[in-house]
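Annotation source Swiss-Prot lists disulfide bond at 215-229. What Swiss-Prot lists as domain 'OmpA-like' is 115-243. Taken from Swiss-Prot, the feature region '5 X 2 AA tandem repeats of A-P' applies to 104-113. Annotation source Swiss-Prot lists site 'Part of salt bridge gating mechanism' at 65, citing similarity to another entry. The transmembrane segment annotation in Swiss-Prot covers 1-8, 13-21, 48-57, 62-69, 88-96 and is backed by similarity to another entry.
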């Protein structure tokens, strides 16, 4: 029984050593003198074993080897009459079981892309005159700055949604129509600057999603103070989604 230690020195070529022990049984028989007396004896034991060799892989299963083995002190002079050493030089072939190709594990699935959403809010009082949907020069300048930011983002397979909002002053239907017209004006301007038309859309939200309280306004005409208080509700939001 021996342990084998190998070291590669070239492709498919290893040198190795084996160290261990060999269990042996020795038998002896002898005839003595004129009487013809026959004597026999036997002994068993374990002797140290050492070997060195080279092994060449012919295929992934078959290999050939040249091996030199030395076993020390086999037997006992007191029982079998001798205690020789044993050496052996051998050339052989071997077959290795379990050498099938290793199947690499399937790669882990790629993580799902993270959809990032950014929101830009512009005041309608900067973009438009009161109750109008045409952009003011100041509004165009604000959109020019926004376009620069959108261009630097360069979203992959992204989309832009422009949402128009009004305050609650006036009739619901009129506010809805105004919010749609203002959102469309912003979309048209950004498309003229270079945003692909199939990547941007407009949506009028009317009086939805107010960001302030009523500021004391109930219905009818609003006071100047109420109009100023309700200003944050008059806005255009640009929602940018990209991967």
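Using N, Cα and C of the backbone, Cβ positions are placed for all residues, glycine too.
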Legend entry - Which same-chain residues, if any, lie at least 6 apart from residue 215 (disulfide bond) yet have Cβ under 8 Å of it: 225, 226, 229, 230
Inset, instruction - Determine which residues of the chain contact the transmembrane segment (62-69) at the Cβ level, with the cut-off under 8 Å and only residues 6 or more beyond its ends counted. - result: 18, 49-56, 86-96
Legend entry - Surrounding CB atoms that lie within 10 Å of the CB of residue 229 (disulfide bond), all protein chains: 18
Legend entry - Per-state residue totals over the domain 'OmpA-like' (115-243) - DSSP helix, strand, coil: 55 helix, 30 strand, 44 coil
Legend entry - Helix-strand-coil residue split for the region '5 X 2 AA tandem repeats of A-P' (104-113), DSSP-based: 0 helix, 0 strand, 10 coil
Inset, instruction - State the residues, same chain only, that lie 6 or more residues beyond the ends of the transmembrane segment (13-21) and have a CB under 8 A from a CB inside it; answer 'none' if no residue qualifies. - result: 1-7, 46-57, 67, 69
Inset, instruction - State the count of C-beta atoms found within 10 angstroms of the C-beta of residue 65 (site 'Part of salt bridge gating mechanism'), not counting that atom itself. - result: 16
